[in-house]
Amino acid sequence: MTVADIWIIMPLAILAGASLLILLLGAVVPGRYGTAVGVAACVGAALWALQLQPAALSQTLGVAFTPFARFFTVLFSLTAAATLLLSHDHNVRRDISGEEYPATVIFAAFGMAVVSASANLLILFLGLEALTFAFYILVAIDLNRAESAEAGLKYLLLGAISAACIAFGIALLYAAAGTLAIPEVVRLTLSAGAQDPIALAGWGLLLIGIAFKISLVPAHHWTPDVYQGAPTPVVAFLSTASKGAAIAFLLLLLPSGSGFKTLHTPLWWLSLLSMLVGNLAALLQTNLKRMLAYSSIAQMGYLVLALLTGSSEGFAAVILYVVVYTAMNLAAFGAVASLTESVGMENVEDYRGVGYSRPFQAGILALALFALAGIPPTAGFIGKFFIFYAAFRGGEIPLAIVGILAAAVSAYYYLRVVVNLYMHAGDAPESRKSASMTESIALSAAALVILAVGIYPSPLLRLIDSILR
């Protein structure tokens, strides 16, 4: 390995090294520097990825820091940093201590970065499972709540099935193509007219495994239980960066043009069922985290709708929505985490009047819900607009109409929460009035992205266009 190779993989090395360093520091000075080191490492990895020059973006050790990989490494690193900021005071309230929490968050970000930079299927699988193993720990890390352990067990069992599907699918694709290099696998197994049954079985298993990772119907049943039982900052991370990594997985594998037709039908049904089931089930929920869980299922259906086009325009809409969705869900779950006390605020009705007692957190939550509903001038409106625009341009008109109607239905359950936030001031719980400094930083950053992209999306659109060239 040359110095140039080390330079290229330094963002990965920073994240992996920081995870180990936090654990070592915990043995010397327990409970003091984990969050600070973790946030610094995430910001450092993001900055390093940003400064890598195109001439240096060669492949080494099965990874290649292309503009695509750099973009997602920055996104995942900053999302991990925001998660650590949201977690700091929440974990104190929940009595979640120890360096394993920040170390595992950083290790999850490392796995996500590996996924986005993968140049062959083996590294892609290892990165995906590295982040999944990290979430097995994070989901069950609240030892004081039986719900957390239950959620962790469900996620572990179903995650093992997903991993088996993906591993078997990769094995079949290797048998069909004779190589693990992603471009060659795509060319040999999804070229126009390719009908190798082994390759088709491999792609089918891959789609089943990824459907679990991003909570597409019918592989969605784990989502509401895990979201309800896991610590809320972990849910913020799981619902954003984890799904972003799985979407990056798909974008690396899915071809554009005629080869995409092979996968069109299964993806079409996954999108349709996810949009309908996610939104209709969310209407029936009284628990806020379960409602947001079903909402996330529908949101993934919108993303797959744009993927269906098989065009660069559709892929650009997907990347835009990944960024927007990350900011929206970080703000929503981050605000819920900040509002949640040791007793907990579980149901939508528990938030009645909270807008008056804790205006900052309630305002962030309301903004996030407006964005998730796709109301202008938030980033959610811009994201949905480009998804449906790409779908219409790509010929997916019936499914796009279903998506628009489903999005209109979703406005009811999002706005129901907002109404509760600002009605009946006397019902507001008496407790601390403001967010902590770390929570305020993370929530303000997410809100800024929601508003900035909603009002002036052009810089982000140009950046996305450049990484897809």
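Cβ atoms are placed via backbone N, Cα and C, with glycine included.
In Swiss-Prot this protein carries:
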type	residues	note
TRANSMEM	6-26	transmembrane segment
TRANSMEM	37-57	transmembrane segment
TRANSMEM	61-81	transmembrane segment
TRANSMEM	121-141	transmembrane segment
TRANSMEM	197-217	transmembrane segment
TRANSMEM	234-254	transmembrane segment
TRANSMEM	263-283	transmembrane segment
TRANSMEM	291-311	transmembrane segment
TRANSMEM	315-335	transmembrane segment
TRANSMEM	362-382	transmembrane segment
TRANSMEM	397-419	transmembrane segment
TRANSMEM	441-461	transmembrane segment
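Recorded stretches compared: 234-254, 263-283, 291-311, 441-461; the one with the most Cβ pairs under 8 Å to the transmembrane segment (397-419) is 263-283. Scored on C-beta pairs under 8 angstroms, the neighbour of the transmembrane segment (234-254) with the top count among 37-57, 291-311, 315-335, 441-461 is 315-335. By the Cβ criterion (under 8 Å, sequence separation of 6 or more), the transmembrane segment (315-335) is not in contact with the transmembrane segment (197-217), since fewer than 3 such pairs are found. Under 8 Å from some Cβ of the transmembrane segment (197-217) lie the Cβ atoms of residues 128, 132, 158-159, 161-166, 168-173, 175-177, 188-190, 223, 242-243, 245-247, 249-250, 253, 262-263, 266-267, 270-271, 273-274, 277-278, 293, 296-297, 300-301, 303-304, all in the same chain and six or more residues away from its ends.
Per-stretch counts of Cβ pairs under 8 Å to the transmembrane segment (37-57) identify 6-26 as the leading one among 6-26, 291-311, 441-461. Same-chain residues lying 6+ beyond the ends of the transmembrane segment (291-311) with a Cβ under 8 Å from its Cβ atoms: 214-217, 220, 223-224, 226-228, 239, 243, 247, 250-251, 254-257, 260-261, 264, 267-268, 270-279, 281-282, 285, 317-318, 321-322, 325, 329, 332-333, 336, 348, 372, 384, 386-388, 390-391, 393-396, 399-400, 403, 406-407, 410, 413-414, 417.
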